[in-house]
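Asker: Taken from TrEMBL, the feature transmembrane segment covers 9-29, 41-64, 76-95, 164-184, 204-227, 233-250, 262-279, 291-309, 321-341.
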Amino acid sequence: MMKFTKQNFIFLVGGIIIYVVDIGVDFWVASKYFCQGQYCWGILILCFRGLSSLITQIFSYEWFKNDWEGTDAGKLKWIFLVHLFHCGIFIRYWFALKYGCHAAFKQKSSGDASETDPPNFIQKQAVDVVTDINMLRVFKTFLETTPQLFVQIYILMEHGKNNFYQYAAIIMSFCGISFSMVDYQISLRKSLHGKDELRVLPKLVYLFYKLLTITSWILSISLITLLSVRSSVILLIFLWICGFTWTLKQHTTFCKSKKMEYLYRTVVGIILIFTFFNIKGRKTKVCISIYYAIHTVVTLGVLFVYMFWKPSIIKEIHFTIVSILTILSLVLGIIFLVVYYRCFHPTACRPQACSDEVDGEAGQKDRVETGRFQNFIMQ
């Protein structure tokens, strides 16, 4: 099994810092908008934050309930109260720091030993708890961070005002997306048996592929919104319907209850608006080609519309810069995509469900569960 290394622990600490700072920046930016009388933008920022937090708390509590099934009901009530006040993620970070520190600095895993041996068991605990956090951060990234990045870029393009807090929000959004994507890919590789851990180069290639394609798409949607807010909203709703319908046809089995499964599919539909994810771990060469071909057609179509419908805007310097950035990030993103899939993608079939032995907090109570990540969105 793969080890939880010191590098993984450093990424974990960095993720915690980014998460806390991101919360502060969100409320700071929202307060600035309220002080300037721009209540619509302030409320929108807080709505993204609230929706993201609500959904991540729901999934986090549901996972705790599944993991601690058969344990003391008092623990679940305490966990429920913590999640009710939207602090569930901090409990998970506490467990991650506890197990991660033990695994990375105090234990030496023997590679040939079984997962039930004490060193490897602690390693597995650390990997599992961090994997849960990374899944929640993927939800947060596409429910809050990416939409906020779109809003901030649109405001800059629409009003042309350069304020420090707007740049701070954009920088934090990019940092949040970056950490989320890299941590997600690390967790994916750890979940695949027989695969080596990603080195620095594959991580960078994957990061640039995601960041550049997402950036290009956000700039394209921003340009559409400048032309017509209604058209932008209709496009986003249509894309969500397509993504949600695709998840229905894939018959995902991530959650134990039907209600949670439909919530999961709803969230995946939102994720698919911004980037491609393989939700069943199958070969998706055709699907991913169609997905980014559509993005390319829409992006080029938007630029042509500006050329023929609003030629006066083309003379403005900011439109030239945005157009160049949109095309350049799209081309480079697709290049990194091709390089990643040809050279670094874990092409092995999905691992079979394995039994994960999990230690209760107080009672050393054994249980068996199917690895959550094996049914999560794959890439």
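Yeah, the Cβs are placed from backbone N, Cα and C, and that goes for glycine too.
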Asker: Mind pulling out the one from 9-29, 76-95, 204-227, 233-250 with the most Cβ pairs under 8 angstroms to the transmembrane segment (164-184)?
Answerer: 9-29
Asker: Which range wins on Cβ pairs under 8 Å with the transmembrane segment (76-95): 9-29, 291-309, 321-341?
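Answerer: Ranked by Cβ pairs under 8 Å, first place goes to 9-29.
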Asker: Which bits of the chain, at least 6 residues beyond where the transmembrane segment (233-250) starts or stops, bring a Cβ under 8 A of a Cβ in it?
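Answerer: Those are 221, 224, 265-266, 268-273, 279-280, 298, in sequence order.
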Asker: For the transmembrane segment (291-309), which stretch among 9-29, 41-64, 204-227, 321-341 has the most Cβ pairs under 8 A?
Answerer: 204-227
Asker: Let me spell it out: take the transmembrane segment (9-29), skip the flanking residues so only those 6+ beyond its ends count, and list any with a Cβ under 8 Å from a Cβ in it.
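Answerer: Sequence-distant neighbours of the transmembrane segment (9-29): 45-46, 49, 89, 93, 96-97, 100-101, 104-105, 130, 133, 137, 145, 148, 152, 165-166, 168-169, 172, 175-176, 179, 182-183, 186.
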